[in-house]
Amino acid sequence: MSISNAQATPSIQICRIMRPDDANIVGNVHGGTILKMIEEAGCIIGTRHCNTQNGDRCVAALARVERTDFLHPMFIGEVAHVSAEITYTSKHSVEVQVNVLSENIVTGAKKLTNKATLWYVPLSLQNVAKIIEVPPIEYSSPEQEEAGKKRYEAQKFERIETKERNGEIIMSVSIPEPYSVAFSQSSLIHLVGPSDCTLHGFVHGGVTMKLMDEVAGIVAARHCKTNIVTASVDAINFHRKIKKGCVITVSGRMTFTSNKSMEIEVFVDADPLVEAEKGKYRAVTAFFTYISLDKENKPLSVPPLKLEGEEEQKRFEEGKARYLQNKTKRLADKGHQQ
């Protein structure tokens with residue numbers, strides 16, 4: 001494509017004030033929040049540039065991020081200024097340079113917090129397997145273009161080398177037997193932030209229960225491989241409060257299956273990061289019951305749980321007792337209503 005069709009170097013800037021949800025308990029903005037803003041700016045400018053020519057509409061897909069250094073911390077209340085500029089284009093890829101500045105809106109002071117280089121490839125919206133050609137840009141000098149070409153070749157070589165080194169094969173590991181307790185057990189780890197808490201700095205019960213239901217749902221789905229829904233929740237016991245700044249681990253395991261239902265035991269363990277000497281503690285426990293549904297949302301039979309060892313057998317019998325007790329109660333309630 002001739003240079004006469006090239007365009008001036010595209011650039012954009014996006015700004016956003018940092019809020020409590022963006023930061024940790026002491027007010028430092030999470031690195032992940034900044035990385036997300038960097039990628040958003042890169043995606044916007046890459047997509048916008050690649051759609052300046054006639055032909056397939058496309059979206060810029062992230063292919064690589066070079067090393068990103070966090071030069072200075074950013075804090076709640078500061079404004080993040082994210083500037084993105086396309087600095088090189090090959091036939092099928094776009095290099096985007098991104099700078100992030102933090103602005104203290106009270107003093108007006110600004111600091112450079114991040115510099116990053118991202119590479120994108122444009123994928124056709126009609127066929128996401130198709131990579132389309134990139135419109136060229138104008139360079140201020142031949143030297144600038146040559147430097148960009150060297151960066152392109154270097155990253156291309158490293159990506160190929162990495163792919164060859166890692167290979168396409170995931171090393172096999174010992175996988176538990178399907179339908180066993182170990183096969184479906186799952187965990188989530190969550191850092192308790194300000195938005196999770198009451199004004200007194202303790203986690204909302206609803207936040208905890210939502211995470212517990214998510215884990216129980218993962219366990220049920222792994223066991224059945226079907227659509228699953230929550231049928232009931234036994235008493236949820238909040239043994240100890242969870243404070244802001246704790247890391248909580250929400251773990252679930254299958255304890256009992258009937259023909260049409262599954263019981264999952266869920267634990268919430270809290271680990272204080274700041275007051276580490278207090279140690280990890282069990283904060284919440286509960287039993288969730290799920291059912292499996294077909295495509296018409298009708299109940300499906302649940303695969304029987306395969307038990308291994310006396311402990312799993314004991315938990316199964318205890319779950320069966322709860323199941324029969326709840327079933328008797330439901331039938332009694334139904335009789336009273338008639």
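Note that Cβ sites are derived from N, Cα and C of the backbone, with glycine treated the same way.
Secondary structure by DSSP for the domain 'HotDog ACOT-type' (8-126): 23 helix, 57 strand, 39 coil. Taken from TrEMBL, the feature domain 'HotDog ACOT-type' covers 8-126 (among others).
Cβ contacts within 10 Å of ASN24 (active site), excluding its own Cβ and spanning all protein chains shown: 16. Positions annotated as active site by TrEMBL: ASN24 (among others).
Per TrEMBL, domain 'HotDog ACOT-type' is recorded for 182-296 (among others). The average pLDDT computed for the domain 'HotDog ACOT-type' (182-296) is 92.
Per TrEMBL, the feature active site maps to ASP213 (among others). The Cβ of ASP213 (active site) has 19 neighbouring Cβ atoms from other residues within 10 Å, across all protein chains displayed.
The region 'Disordered' annotation in TrEMBL covers 298-320. If one looks beyond the region 'Disordered' (298-320) by at least 6 residues along the same chain, the residues whose Cβ comes under 8 Å of a Cβ in the stretch are 177-182, 223-224, 226, 254-263, 265, 287, 291-292.
As a summary of secondary structure, the region 'Disordered' (298-320) carries 12 helix, 2 strand, 9 coil according to DSSP. Helix, strand and coil content of the domain 'HotDog ACOT-type' (182-296), in residues and according to DSSP, is 29 helix, 55 strand, 31 coil.
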